[in-house]
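Some features that TrEMBL has for this protein:
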- 1-15: compositional bias 'Basic and acidic residues' (COMPBIAS)
- 1-42: region 'Disordered' (REGION)
- 110-135: transmembrane segment (TRANSMEM)
- 112-564: domain 'Major facilitator superfamily (MFS) profile' (DOMAIN)
- 147-167: transmembrane segment (TRANSMEM)
- 179-196: transmembrane segment (TRANSMEM)
- 208-228: transmembrane segment (TRANSMEM)
- 235-255: transmembrane segment (TRANSMEM)
- 267-286: transmembrane segment (TRANSMEM)
- 343-362: transmembrane segment (TRANSMEM)
- 471-496: transmembrane segment (TRANSMEM)
- 503-525: transmembrane segment (TRANSMEM)
- 537-559: transmembrane segment (TRANSMEM)
Amino acid sequence: MDRFHHDSARAKADDSSSIADGVSLSRRRYSQGGPPGNDSIELERINTYRLQQQLTVGSRGSRIPQDQWLPIGAGKPYPPPLPDSEAYVVEFEGADDPMHPHNWPMKKRVMLGSLLTSCALVTAYGSAVFATAASGAEKEFGFGEEVAALGTTLYVLGFSAGPTVWAPSSELLGRRWPLLLGMFGFDLFMIATATAKDTQTLMLCRFFAGFCAASIIALVPASLSDVFNNHQRGVAIAMYTMSVFTGPFTAPFIGGYTASSYLGWRWTLYVPAIVGFFCLALIVFFTTETYAPIILVQKAAILRRQTRNWGIHARQDELEIDFKELVTKNLARPFLILFTEPIAFLLTLYMSFIYGLAYALLEAYPIIFEGTYGMTGGTAGLPLLALSLVKSPVARLFCLCRDDIRGSWRPTITLRCPNGVSPLASWVVRCLLVDYSGMILSTHVYNARLGGNTDKRSRFGWTGWNSNIHWMAPTAAGVAVGFGLTSIFMQCFNYILDTYSKFAASAFAANTMMRSMVGAVFPLFTRQMFNNLGIQWAGTLLGCIAVVMIPIPLMFYLFGGRLRQKSKLAPVMDLMPPAEEDIKEA
């Protein structure tokens, strides 16, 4: 028994030392012989994943006292440990391993990305659709406008609370099961909301529907990061951003026409539930696990059955989790990222206001187009389409800008990080987490500044306060607002993924928690603010607050390299696995 404990402790120490040894070896290879080849890339990949496992789930070896061990049975003694446990650990077979999500067929990855972004569209739609059902619910249950606004607020608060559970669980169990459970819970609670018999049930179910929907909102970007490399990720995130904003901005006119029809207000909630069940079925039958450590667990299980060698395992199988470690290393990580990482905090602060502004617009548009122009029902929601229609051109512009900047940097650039030194081709220049010069940050921040200025200086508030001004004027102003919202979120989402790619789920959880909390608050005071200050001055106030936010992206543009140097998580490189042509180019 003592020998077993000794071997376990030694294995733990060897695992830590091997990381340091591998990093130093990689640095020596590069300094002696120029850019490392595939062997060095493979070494970097292994070391990076070992570090990820240590930071994610726990430590090797048993913490259970010897006197509490379960007996093997039949009087058998405990067998000796494996002679060389490292030889039994399953890894990916080089940079081109077809089991790694980056190497899946493009058709499969595109289908998976389309399905996940469709789920995000449905859950985001559910956040705003209750506003169209509010008038019918008010008459049936007898509450006022302030309580009706809680229907949206509580749902978005669920967005804020949910990631604390869904994101850590996805880094322990993989992406697929949290996505399935979250989508199923969303569908159930949307139906429960639609069938509610009193106000309390209605509001509680709205909160839990948002809580479950948070699994989609927080984990879809992480899943896209799993399957798309740095070349392709921007396009995938552009589609995700479009879905996140298209959902809320199409809900008012779809829900408005539904609520004013013979179907009634309850069917505004049945519709997303029905579509959600359809998406759930697609997830069940057409998706597979995308998280690399869990894929290795599945690979190890297959190898054990094929070889009849029961010692084969993935590194994830070695790790033991107790409650304290689960809290400190997993459940607490979103909060640690948010409050100890300047990059995450400043970006989240910036995005939180933009997200709150989006939900403020959902309250402001009915005030303008119903109150000023006398539109009713779904017709009053049609002007919000102006914010949605601009998203496709913005996404296309974003992708073209990325290609142009990427094509301008043809020389191979050496990127240094605490995990080692590796030369990568020009496509990795976009990976902001290891860009110590701060120069490439303009790929994201220039567009973010452009979007921010356009978003905040649009004349929406000063064109919708008087019915003598044609209704097309505030509608056209919404195009600029939509351009700003979309461009900002596309850049910021990509920045977060590039910076915290190994902990994308927790990083997005931190971001989702804070911005959803702010987004939940805005509907509570927007109507009162527009009624008391007037449409023009309420819009001006929001614009002035937005001007105060402009220095945040400028700060990243000027000091981004310094901030990333001080980060504990940002310098972890995404080296698993580069495409074959990228290795040749390097």
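Including glycine, each Cβ sits where the backbone N, Cα and C put it.
Please treat TrEMBL annotations as automatic predictions, because they have not gone through curation.
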Give me the stretch from 179-196, 267-286, 343-362, 503-525, 537-559 with the greatest number of Cβ pairs under 8 Å to the transmembrane segment (208-228).
179-196
Would the transmembrane segment (537-559) count as touching the transmembrane segment (179-196), i.e. at least 3 C-beta pairs under 8 angstroms with sequence separation of 6+?
no
Establish whether the number of Cβ pairs under 8 Å between the transmembrane segment (503-525) and the transmembrane segment (147-167) reaches at least three, counting only pairs separated by 6 or more residues.
yes
Is the transmembrane segment (235-255) packed against any residues at least 6 beyond its ends, judged by a Cβ distance under 8 Å, and which are they?
113-114, 116-118, 120-129, 131-133, 217, 220-221, 224, 227-228, 268, 271, 358-359, 362, 365-366, 378-382, 384-385, 387-388, 391-392, 395, 398-399, 482, 485-486, 489-490, 493-494, 497
Contact count check, CB pairs under 8 angstroms to the transmembrane segment (267-286), set 110-135, 147-167, 343-362, 471-496; argmax is 110-135
Please give the average pLDDT for the domain 'Major facilitator superfamily (MFS) profile' (112-564) in this predicted model.
77
